[in-house]
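Right, one structure below, let's go through it.
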C-alpha cells in the first residue's frame, strides 16, 4: 500500500528526528562532561593530554565548524542530503572511538572532524526537510522534527543518570572517571551514533510537492556566491547584529562546556554523580516547554513577536547571571576547588532552576536568530545564516581558548556586556526590518532553527 504524500512527509520527518535524537544525545553528553573527563585522565597520566584539552578541543571543533559553514552551502548542490547526514554522523562516531585509548593528536584531529560533521549535519537537516515538506507543511514538519530530534538534552540527561548509577563505585565521586567508566560512557555514545548512521543512510528520498522541487535548480557560480557573501558581510543590519551573534557564541559555550564543568569542580557536588544529568534534564524540559508555550505566544504577538522573544531572553539570562554569580565559586573554571560561593549554597534545585532558564534562553535565542536572519538582508538569507554561524563560532573559539585563564566572574561579566549590547542591536534591526517582516509574513523561524543547535 503506497503512502499518501502527507504520510510520506511525516514518515520522513519522524525518521529524520529519530536519527537526530541518536546523534545529539551523545553529542550533548560529551559536551557536558568532556572537560571533567579530560581532567580525570590528566590527573592519572599528565603526559597523555593537557588538563584543559576539553576547552581547547571544543575550540578546534568550533573552528572547523566555522570554516566549513562557509563552504557546505555550496556543496549541497552536489551531495544528496541523506548522505550529508550519514557522513556527518560517521564523523561524530570516529571521535568517540578515541576514548578507548586516548591520544592527544587523535583527540584534536577528531574534534576538528566532528566540527566538519556538524556543519554537514546542519545543511543536510535543512536540505532534507525542504525536500520533504511543502510551503504549507514546512513549519509543522520542522516542529515535529525539532520536538523529536532535539529532545536529546532530556533523554541524554536521563541516560547519564542511569550510566552513573550503574557504574558508580564506593568511594567514587562526581569529578573522577575511571578508565572503565570512560570507555562505557563513550562506547554508549558510539553505539547511539551507529544507530543514527543507519537511520540516515536509509532515509526515503522520494519527493512530492516539496519546497526543493519547486525551487530553482540553477547552481550559482562561485563568483556570484562570493558577491552575495560580501554583500551580506557589508550590510548595515548584519554589522549591528554582530554583538548578538557573539553573545550567542558565548552563551552556547557557557551552557555546553563551562557551566557543567564548574558543577563537576564545585566542592558541594564532589560526591554528586548525578548533577550533570540533572542539569541536562532541566535544559531538555525547558526546550520542550518553550516549543509548547512560547511558539504559540509569538504567533499571537504578531509583529511584536521579535520584541517579546528578545525581552524574554534578556530577562531569563539576567536571572541566570545573577544566580551564577551568587552560587558558583569564582575559581571553578580551573579545576576542583574548595572555595565557597558568594552567597547561595549550591544545590540540585538551584542547578535545575539555572539549567531550566539556560535551556529556555537557548530556545529564545534560536527562535530570534531564525527570524532575524531571514529579514536582515532578504536577498542573501543563506549567506546571512552562514555568517551568523561564523560569528557565533568565532566568539566561542576565542572565549574557550581563554577560559583556562578566566574566572567565573570574568566569564559572567563578558556575558553581561554582550547580553546588553546584543539585545540592543537586535531590537534596532527588528525595528528596521518591521516592514519587510509584514511583507513576507515570516512564519518559519523553523528554517534557521534547523541549523541552530551548537
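Glycine is treated like the rest: Cβ placed from N, Cα and C.
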Q. According to TrEMBL, which of these ranges is transmembrane segment: 213-231, 384-402?
A. 384-402
(Q) Cβ pairs under 8 Å only, please: of the recorded stretches 83-99, 105-121, 142-168, 384-402, 408-430, which one is richest in them relative to the transmembrane segment (273-294)? (A) 142-168
Q) Based on Cβ pairs under 8 Å, which of the stretches 12-33, 53-71, 83-99, 238-261, 384-402 lies most in contact with the transmembrane segment (349-372)? A) 238-261
Q: State, in range form, which of 12-33, 53-71, 83-99, 105-121, 180-203 has the highest count of Cβ pairs under 8 Å to the transmembrane segment (142-168).
A: 12-33
Q) Taking pairs 6 or more apart in sequence, does the count of Cβ pairs under 8 Å between the transmembrane segment (12-33) and the transmembrane segment (408-430) hit 3 or more? A) no
Q.
Check the transmembrane segment (238-261) against the transmembrane segment (53-71) for contact, please; criterion is three or more CB pairs under 8 Å, pairs 6 or more apart in sequence.
A. yes
Q | Positions on the same chain near the transmembrane segment (384-402), where near means CB under 8 A and six or more residues out | A | 55-56, 58-59, 62-63, 65-66, 69-70, 73, 122, 229, 232-233, 238, 241-242, 245-250, 252-253, 257, 369, 373-374, 376-377, 411, 414, 448, 451, 454
